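Record features, source TrEMBL:
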TRANSMEM  6-25  transmembrane segment
TRANSMEM  46-64  transmembrane segment
TRANSMEM  70-92  transmembrane segment
TRANSMEM  104-124  transmembrane segment
TRANSMEM  130-151  transmembrane segment
TRANSMEM  163-185  transmembrane segment
TRANSMEM  191-212  transmembrane segment
Amino acid sequence: MSGISGHWAFAFGVLGNIVSFIVFLSPLPTFYKIYKKKSTDGYQSIPYVVALFSSMLWIYYAFLKTNTTLLITINSFGVFIETIYVGFYLFYAPKKSRVQTIKMLLLFVVCGFGAIIVVTEFLFKGAVRGQVVGWICLIFSLCVFVAPLGIVRQVIKTKSVEYMPLLLSIFLTLSAVVWFFYGLLLKDINIAIPNVLGFILGILQMVLYVIYNKKEKAILKEQKLPEKLQNHMIISIDEKNKNFPELTEEQIIDIVKLGSLISSGKIHIASCLHDAVCASAKIENTPNNLHTVEAKN
């Protein structure tokens, strides 16, 4: 029975490597946008710094455990690609964002990872060391899944999904499912538990993407005028009185100026009622089609 479980664990581990490989590559469209814009405006570096730190921790954990070769392979690639991402971000980031990213690198990668190695190597021995490092990995794996919540907050605030890549959310959710079963089959809660939260947050991001992507399209559609009304002037007439209000001397002068533009054929007029659909009509540049409006004093 344990042999069958081991085979399934290996299968899920291989599948997890494939999915995680895609997850690590999924930010490429984001960095292509940064390259095109020559700026990181609107994007945050914390998900990549935390992912780098998490990959380093999992490699350390894997060396303390047995039968964890698949963890070493994928997280080694993770360290490699996340280092490239962070370097790319630093290159195009403004000074303030660059300083913040460097501070996070010093905090997590240098001080944090260094302190974990020193403490666990000197204070813990054998299996206990592996358990302690495993719990640390569990905590920071949760941080990897929680890190995109900053982007989620930005999506809710701006009602725009521009800075939340859907592809990354989909593959993070799929990766969480695969690694959950891998940890479950190995009976390693340090691997299984974080991926439960990862699945929940992944679903949340996809739901928000669907909701706000539809709203964003609706807003853009409302902002676009129909082609028939472009370059037309719309005059609103009171439906009850159907008369123009009394005009001041300045308004009469404006009407005279407007008449000169109309006579040149450069302006089209659409007359409409408040609760009726506007009907557009082009005023020809002929005397018969010109109408004068008398204002009562």
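Here the Cβ of each residue, glycine as well, is placed from N, Cα and C on the backbone.
No curator has checked TrEMBL annotations; they are predicted automatically.
Highest Cβ contact count with the transmembrane segment (6-25) among the listed stretches 70-92, 130-151, 163-185 falls to 163-185 (criterion: pairs under 8 Å). Sequence-distant contacts of the transmembrane segment (46-64) (same chain, at least 6 residues past either end, Cβ-Cβ under 8 Å): 27, 71-72, 75-76, 78-79, 82-83, 85-86, 89, 101, 104-105, 108-109, 112-113, 116-117, 129-130, 133-134, 136-137, 140-141, 143-144, 147-148, 150-151, 190.
Scored on C-beta pairs under 8 angstroms, the neighbour of the transmembrane segment (130-151) with the top count among 70-92, 104-124, 191-212 is 191-212. Only residues 6 or more beyond the boundaries of the transmembrane segment (70-92), in the same chain, are considered here, and those with a CB under 8 A from a CB of the stretch are 10, 13-14, 16-17, 20-21, 24-25, 27, 31, 34-35, 38-40, 43, 45, 48-49, 51-52, 54-56, 58-59, 61-63, 98, 101-102, 105, 182, 191.
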